[in-house]
Amino acid sequence: MTLRSKMTKYIFVTGGVVSGLGKGVSAASIGNLLKHRGFKIFVLKLDPYLNIDPGVMSPYEHGEVYVTADGGETDLDLGHYERFIDVELSKDSNYTSGKIFSNLFTQERNGNFLGKTVQLIPHFTNEILNTIEKIATKHKPDFMIVEIGGTIGDIESNSFIYAMAELALAKPDRFFLVHVTYVIFLEASNEFKSKPTQVSINSLRSFGISPNLVLLRNSKMVPDNIVEKIAKKSVLNKDYVISVPDMKNIYEAPLYFESQNIAQIILSHFKIKDIEPDLSKWNKLVDSIKKPKAYKAKILMVGKYVEFLDAYKSIIEAFKVSSYEENIDLKMDWVDSSKLELTNLDEFLKGYDGVVILPGFGIRGWEQKVRIAQYTRENKIPTFGICLGFQAMSVAHARMKGIKNANSREFANDKNDETYILDLIQGKAKDKNLGGTLRLGNYTTTIKENTLAKKIYQKDQVIERHRHRYEINSKYIDLLEDEEFVFSGIWNEGKLAEICEVKNHPFYLGVQYHPEFTSRPLKPNPLFTSFLRVLIKNN
């Protein structure tokens, strides 16, 4: 079933009371159910902050930067969208106030406004609407899900809410609003309080707009009397006010939404006949999550931003979905590499089945990553390196080969005795700005025969997503390779090393790219799955 001959329908998702309610998972779950009904889905995240994109934001501020196939540096919610909906999104899927303002200022400098005073209303709000409509025209989805970041009442969100209200007024038959809000529970009095949710909905009404569907978030089910109270105060049918409790696993959300007839409510609003979705594969996924596991594995995640695990959100999800597929009870322990005690690694690593050396930027903890890469190689501990992890494994190998001061130019010091086996990618040396100057998005890697990488991928070429500025200096590739160590994946166009591995080792493989961005709940990336298989085989 498809609506491609019709105009795109817009489903907006907003949040109320507090942030971090799961708007992204809610939007992704709605997209999942509509996709399972045969509709074409596109998702847009509108973020009110003034950064052009999250590319140079601290992981502690924003979590991971999710990279799209076309090289967009975007919000981590896009990871939820791609994983839940199994759709490849693009740079068009994330716009910030900063990005929209930048476009607006360019137009102003070009004289497009004919000397008029440029204001938030109507010029900025018009630019928001133009952005939404251009994307809809370009991608031609049946449904375009638009998540607005932040919460209702935030000053920085007001222009987006105003623009949304304008769109609702202009296209009422193509507009649907889902409001995700938090219902407070007071432990002291053992009761739910609905007033903040009512205020949130009233704030929407002050813009001339009412939600079509309200999702009530809490760790537990919101009782019927509170649901009825909120529905009455919101002038909504009780069936359109739905309690959404915390779930043991986020992948249960689409099935819960289906049980609450959320897709039916949306389709009924647009006067579209519902069809029965085939959710058998998703049901099987959730069953695999819930069932008792046949195996156990424990891995050490060696990172840099471990105090805020959203910095590694896609890696965590990639390992989880692979563990579900392999029926493994997986435990991930996290350590800040800069705090590693290198003098007692024997004792520290005891009890771990494998080690993952994680991505990151900056010198803090770099030497410890190199040392642990050398230790796990020498002691035959299964090791998987991603991005900076690949670089640490390569530098460790170079030093083991006798290149005593092998290093990356990223971490150059004032000494003249270092050998930079990792250097700026050609063409990046002259870039003065940090933002948008990395090697980003999809690139094709050619895999060598008779290697672990070939055994894992079962392909001659693979396409994976990249986000880095430094690569193995091509003049050192032949020097570093030997009977034990091989660069098993190469980007032929620029002779860039993309995969390294060690023979005669249970598993010692690093990748310059980010395989976590192509892992899906129903199609796990084989690198994560293969790594876990080795762990349970060793056990």
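Indices start at 1 and increase along the chain as displayed.
Including glycine, each Cβ sits where the backbone N, Cα and C put it.
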Query: For the ATP site that Swiss-Prot assigns to G20, L21, G22, K23, G24, V25, which of the candidates D77, D86, D92, D142 is also assigned?
result: D77
Message: Based on Swiss-Prot, name the residue from R465, R467, R469, R520 that is recorded for the same L-glutamine site as Y60, G360, L388, G389, F390, Q391, E410.
response: R469
- line: For E147 (Mg(2+) binding site) and I155 (CTP binding site), the CA-to-CA distance in whole Å is 17
Message: If I take every residue in the domain 'Glutamine amidotransferase type-1' (298-539) and average their pLDDT values, what number comes out?
response: 92
Secondary structure at S19 (UTP binding site), reduced by DSSP to three states: coil
- prompt: Just going by other Cβ atoms within 10 Å, which of the recorded positions K23, K193, K229, H514 has the emptiest spot?
  reply: K193
Field: Closest of Y60, G360, G389, E410, R469 to V25 (ATP binding site), Cα positions, binding-site residues only
entry: Y60
Message: Return the residues near Q391 (L-glutamine binding site) by Cβ distance under 8 Å, restricted to its own chain and a separation of at least 6 in sequence.
response: G385, S408, L422, Y470, I472, G510, Q512
